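Only one structure is covered here, and it is reproduced in the block below.
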Amino acid sequence: MVGAHKIGSLVFCPRCGTLLDLPKDGEVDVTCEQCGHVEPASSYENTEITTRSDPDAFPSALRQKRKTQTKLHESGDQGTLVNEKCPSCGALEAYSKEMQLRSADEGSTIFYTCVACKHGWRVNN
Ligand SMILES: [Zn+2]
Ligand SMILES: [Zn+2]
């Protein structure tokens, strides 16, 4: 998740760069007047505003929501679906991911994950 830019106690909109208003007491987010982006008030945590209440006072529902969004993003990175035979169960499709693990002149390693049984194996180029 892209956080807002912070300069001192100021928070700027991560989308259009507009200076955001301070959240009013009790509000859990701040809406950008320019583009409508909604920034969680927790972005103001650790800033130099001394009049705000303890950051831990924010509703736990907000933190929970942000965690879920991060998880969804990570699960979309399983690789490219290719036609490759699984040595374990014989399925003909697997997710492939190429990784440059060794030095460039030695080529790269492709990791496969079977779509059927989740068996993983690697092939060196
Ligand atoms: Zn904005
Ligand atoms: Zn398999």
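Placement of Cβ uses the backbone N, Cα and C atoms for every residue, glycine included.
Around Cys16 (Zn(2+) 1 binding site), a 10 Å sphere centred on its CB holds 12 further CB atoms from the protein chains shown. Look at TrEMBL and you will find Cys13, Cys16, Cys32, Cys35 tagged as Zn(2+) 1 binding site.
According to DSSP, the secondary structure content of the zinc finger (13-35) in residues is 0 helix, 4 strand, 19 coil. Positions annotated as zinc finger by TrEMBL: 13-35.
Look at TrEMBL and you will find 45-80 tagged as region 'Disordered'.
According to TrEMBL, the feature domain 'TFIIS-type' maps to 82-122. Residues belonging to the domain 'TFIIS-type' (82-122) score a mean pLDDT of 89 in the model.
Under the heading Zn(2+) 2 binding site, TrEMBL lists Cys86, Cys89, Cys114, Cys117. Cβ-based neighbour count (10 Å, all protein chains) for Cys89 (Zn(2+) 2 binding site) stands at 11. The secondary structure of Cys89 (Zn(2+) 2 binding site), as reduced to three states from DSSP, is coil rather than helix or strand.
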Fewest-neighbour residue among binding-site residues, criterion Cβ within 10 Å, set Cys35, Cys86, Cys114: Cys35
Candidates near ligand 2 among the binding-site residues Cys13, Cys16, Cys32, Cys35, judged by a Cβ under 6 angstroms: none
For Cys114 (Zn(2+) 2 binding site): DSSP state (helix, strand, coil): strand
Local Cβ density at Cys32 (Zn(2+) 1 binding site) - other Cβ atoms counted within 10 Å: 20
Most Cβ neighbours inside 10 Å, all chains, among the binding-site residues Cys13, Cys117: Cys13
